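Chemist: Before we start, here is the structure in question, set down as structure tokens.
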Amino acid sequence: MPYVNTKDILEKASKEGYAVPALNINNLEFLHAIIDAGIEENAPIIIETSEGAIKYAGNGDIRRGAQLFVSMVRAFANTVPVPVALHLDHGKHFNIIMEAIKAGYSSVMIDASEYPFEKNLEETKKIVEIAHSVGVSVEAELGRLVGIEDNVVVAEHEAVLVDPNEAKEFVENTGVDFLAPAIGTSHGAFKFKGEAKLDFDRLKKVKELTGIPLVLHGASSVPEDIVKLAESYGANFKGAKGVPSDILKKAVKFGINKVNTDTDLRMAYVAGLREFLTNNPGEFDPRKYFKTAKEYVKEVIKARMRLLGCSNKA
Ligand SMILES: O=C(CO)COP(=O)(O)O
Ligand SMILES: O=C[C@H](O)COP(=O)(O)O
Ligand SMILES: [Zn+2]
Ligand SMILES: [Zn+2]
């Protein structure tokens, strides 16, 4: 199937009420695992790279990194039976967003969420105009990504979580294709100190008022079996906690269609790598010592595709 616009994948998901994981990569091995998972689940695939990933892949050169990712992803997209999109995650620098668009990314995120509302809106609008003129879709973010802690008063939530009325105004004025509303998640492996919770009322309102596909950042579940496995081979992930599966399912029910996932893949990979290296101390062929790691990443992705409802939606 062809390399597609992320918008096509997400509008179908929004209409039919399921979500697609957006999976971060930094190298070829994670791409293999994602492609294999998508084929086995017959699911649409969204691959994303951060600005840091582009720098890393290009060994310091942004243009080279962006081009490398586009050619890698396109080479697979052209020869697999499921749609594949490539997205720039958390674009914060104008030059990197432009390089991604020029290189041929399917979509870009402009993350100006650290600025006041008006500046976020202006920055986003500027990127939307450029990206849309060449058929690239755009994601933006409203609110700040922080966990909702039990001991934080409501007024403080108000300050960081998305304001649904602002979301409506933002979407109408920018023409953005999908929106990431902050509803209580955060990036990384340590999301909640107490019980995990998200602000579903806010999410419901944002969906009602905007009607566009919504994105959940910081959505990794940090599966306990993966954490335990990695720890049994020497890792230390004390206090790691993600978004539980039932909460993710609820988020999908209330309007989330793109579920950003990086940490879970990293955790699965390192667990597999540690296991293999411990059990095969004489091995030094990377094609062999990456194998178990890739296998675990693939399984984590397949489970997520099933949970989010995008299996057989290719
Ligand atoms: O939001 C993310 C990428 O944009 C990734 O979130 P996690 O750290 O929960 O995997
Ligand atoms: O949202 C952040 C992603 O997990 C990517 O993180 P990174 O900047 O370490 O590549
Ligand atoms: Zn952000
Ligand atoms: Zn994110």
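Cβ atoms are placed via backbone N, Cα and C, with glycine included.
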Chemist: Which one, His32, His87, His90, is listed by TrEMBL in the same Zn(2+) 1 site as His187, His217?
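Modeler: That Zn(2+) 1 site, as TrEMBL gives it, pairs His187, His217 with His90.
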Chemist: TrEMBL has Gly218, Ala219, Ser220, Asn260, Thr261, Asp262, Thr263 binding dihydroxyacetone phosphate. Which one of Gly175, Gly184, Gly188, Gly309 is in the same site?
Modeler: Gly188
Chemist: If you compare CA-to-CA distances from Thr263 (dihydroxyacetone phosphate binding site) to each of the recorded positions Asp89, His90, Glu141, His187, His217, which comes out shortest?
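Modeler: Going through Asp89, His90, Glu141, His187, His217 one by one, the Cα closest to that of Thr263 (dihydroxyacetone phosphate binding site) is His187.
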Chemist: List the Cα distance (Å, whole number) between Ala219 (dihydroxyacetone phosphate binding site) and Asp111 (Zn(2+) 2 binding site).
Modeler: 17
Chemist: Check the Cα distances from His90 (Zn(2+) 1 binding site) to each of the binding-site residues Asp111, Gly188, Asp262 and keep only the ones within 10 Å.
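Modeler: If one measures from the Cα of His90 (Zn(2+) 1 binding site), the binding-site residues that come within 10 Å are Asp111.
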Chemist: Among all the protein chains here, how many other CB atoms are within 10 A of the CB of Thr261 (dihydroxyacetone phosphate binding site)?
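Modeler: There are 27 of them.
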Chemist: Check Thr263 (dihydroxyacetone phosphate binding site) against DSSP and tell me helix, strand or coil, would you?
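Modeler: Where Thr263 (dihydroxyacetone phosphate binding site) sits, the three-state DSSP reduction gives helix.
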